[in-house]
């Protein structure tokens, strides 16, 4: 069922007026300034309409027992206590203090420990809706979606399926194999990564795409919306993505045909077509960056890469910022000279990765990507300060990080003299801090020397791994598979139609071709 803003004013009042009576245990809470207190909780810890409130929620809302913020956190309505619902820390508090009411900090529902269920109260519901609407307006999304009006078919489906599906920690909904239609493993592994991208999933499952194409049947975004519905329908039989393949062939003709294609090339082509077909989904909202729009693809995948070219004579700096969807990283063993790895002793731990002598890490690749590069005498530029052509250095850094960072390890080398696959093992972490590679951190690095970030509390640049695409075989003959994170620590291997459970060790020991990381903390604009 799609959740959208409720109608305002009289319609909402009429809806609430016919609601059933609420919980009989609310009397102990509804005293003195209870409405003011409840509004404060919704404003600060549930809907969080302002940037300041969202930052406060991200930093403050952790379980007071285990220090975790992901296990369905609830807040006591009688005192300042946050506790996990999943691990029953909030239950223990309620029993010890006899505080029988708590609020779900994700969805705003009120839970009664005496009733052992979420409860309804007309007065509380009015406050919740009012504060939610205020938060939407602060974020500029309050008027984006109309009230959901089910079709006749949807009404019939609701009659035959009145029960809500309960999602448990062992639930595998969203996992579904894909039939290989003839060397289409390159497409299947990318589809698995996209369908398990949290914000993309939320976008499509909330029916937010508004197609403006003359022929919706040719819209790749409409097909992706249908694909998400198929993946999260609960069906376990492998899906046949024939229509998706046809649309990709239609809109990206260089990928047409049954020969093996590059998964990275397919990813970029798919994002490009989705970006072009998302016209209208941003509801006319202007993008902050003129180089990209505000469609869901750009909101999730687009970052800004800063290039600083420094004159070696006057040291004047020319800066440009370009959008990117992925970061392609050179590997040792390629014809491109690789920066010396791992200076110093063995056994270092850098950015959460085991850094052993002779082992290449993702951090090594990023260090090389962001180091200053001397352009040489054959690539002189005209300096605006010197008014003449001078030698210069160029350095790339991250000006703006995307919500989903995709790292492309350049394993396929094509040159005039050779075509080969680079099989160098690259160690990559479950959690990644991109702070050292930001343009704002450039001053902390001198001459390309890596330094640990001094502000360990800077969570804006921290990422978690959620998908890995691998290539087995040679350049001429190979096969793509992917690892997908379903829950916090549950991983599955997707090999076309076959889905099997995988361990974290299986994931981290894999070769790695495309690495997908998701921001741990989000700040909505």
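The backbone N, Cα and C atoms fix where each Cβ goes, and this holds for glycine too.
In Swiss-Prot, the Zn(2+) 3 site is described by 76, 79, 93, and among 69, 99 the residue recorded at this site is 99. Scan Swiss-Prot for phosphothreonine across 147, 454 and the hit is 147. Of the candidates 57, 129, 442, 505, Swiss-Prot marks one as N6-acetyllysine, and that one is 129. Record check of 237, 342 in Swiss-Prot: the feature phosphoserine is attached to 237. Looking only at the recorded positions 129, 237, 479, the one with its C-alpha closest to residue 93 (Zn(2+) 3 binding site) is 129. Distance from the CA of residue 237 (phosphoserine) to the CA of residue 76 (Zn(2+) 3 binding site) is 43 Å. Listed in sequence order, the residues 77, 78, 81, 83, 90, 94, 97, 102 complete the 8 Å Cβ shell around the Zn(2+) 3 site centroid, once 76, 79, 93, 99 themselves are left out. Taking only the Cα positions, the spacing between residue 479 (active site, proton acceptor) and residue 237 (phosphoserine) is 22 angstrom.
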